[in-house]
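Straight from TrEMBL, the features:
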type: DOMAIN; residues: 14-256; note: domain 'G-protein coupled receptors family 1 profile'
type: TRANSMEM; residues: 6-25; note: transmembrane segment
type: TRANSMEM; residues: 32-60; note: transmembrane segment
type: TRANSMEM; residues: 66-89; note: transmembrane segment
type: TRANSMEM; residues: 109-134; note: transmembrane segment
type: TRANSMEM; residues: 154-173; note: transmembrane segment
type: TRANSMEM; residues: 205-224; note: transmembrane segment
type: TRANSMEM; residues: 236-258; note: transmembrane segment
Amino acid sequence: DIALCATGTAVAGENALVLAVLFYTPSLRAPMFLLIGSLALADLLAGLGLVANFAVRYLLRPPSEAAELGAAGLLLAAFSASVCSLLAITVERYLSLYNALTYHSERTLGFTCALVLLMWLLCLGVGLLPLLGWNCLRDPGSCSILRPVTKDNAAVLAVTFLLLFALMMQLYLQICKIAFRHAQQIAVQHQFIATAQATSTRKGLSTLSLILGTFALCWIPFAIYSLVADSSYPVVYTYCLALPATCNSLINPIIYAFRNPDIQKSLWLACCGCIPTTLSSRPRTSSDV
């Protein structure tokens with residue numbers, strides 16, 4: 001629990017930095033950055049939820065059912081919004097490649113805001129489920145490893161997560177196919193930049209591998225364990241799998257925010273008031289997004 005609380009504190013601080021950069025930089029108002037902001041907000045709330053869960057368990061005396069259910073609901077809503085934001089970023093990347101010529105003119109900030117708001121309302125509804133009866137406080141024998149969520153309800157959440165991951169993987173496979181096709185077309189038209197384009201494509205594919213690999217390693221073991229385990233299993237197993245899952249919210253800003261050249265420029269300006277020459281002169285490629 002101390003490790004989870006410390007991780008939650010680091011997650012909250014890191015994602016608060018991302019939100020501050022996006023909020024105070026007027027140029028970062030494109031739909032892509034709105035989705036990155038949604039992911040950062042979800043991970044920030046997840047970090048605060050881990051800290052709140054620790055406080056409810058060890059600092060609140062006497063224990064309160066409402067506080068325990070509230071902390072559980074905050075974690076459910078935050079991690080649901082985090083996964084949904086990752087899916088939304090995946091869809092945005094796919095559409096930006098599939099409709100490369102018309103996407104940016106058709107995709108408006110208002111439309112993206114409406115979709116993000118709808119997504120958050122859905123995730124907040126998921127977070128209310130423990131307060132609405134998705135809990136085992138009256139029947140401890142039905143508890144899952146995600147106490148106070150019941151085993152049946154935890155299985156529903158795990159299956160839903162696995163289906164979302166399968167959808168993300170399918171979209172990223174389509175992104176790879178489109179990227180290869182674009183690279184071949186450019187190579188045929190401009191032989192002299194074929195090597196540079198191949199390098200950019202390889203970098204983009206390595207980025208996609210990093211995204212999927214990190215997400216799978218952090219979340220898949222915990223999701224599968226939630227399907228097969230119950231409250232009678234040794235609690236140390238739950239902690240060993242829950243900690244990597246929460247660390248995904250620590251890694252997300254590195255993959256989706258701090259590697260983006262526009263956000264890097266804003267961070268350099270905020271920290272030292274200048275932009276490195278290598279960063280300002282760097283050409284933008286598909287792997288930066």
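For all residues, glycine too, the Cβ spot is worked out from N, Cα and C.
No curator has checked TrEMBL annotations; they are predicted automatically.
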Checklist entry - Hey, does the transmembrane segment (66-89) touch the transmembrane segment (154-173), meaning at least 3 C-beta pairs closer than 8 angstroms, sequence gap 6 or more? => result yes
Checklist entry - What same-chain residues lie close to the transmembrane segment (32-60): Cβ under 8 Å, and 6 or more beyond its ends? => result 1-2, 4-5, 7-16, 18-19, 22-23, 67-68, 70-72, 74-75, 77-79, 81-82, 84-86, 88-89, 92, 96, 109, 112-113, 116, 119-120, 123, 246, 249-250, 252-253, 256-257, 260, 262-263, 289
Checklist entry - Quick one: mean pLDDT on the domain 'G-protein coupled receptors family 1 profile' (14-256)? => result 84
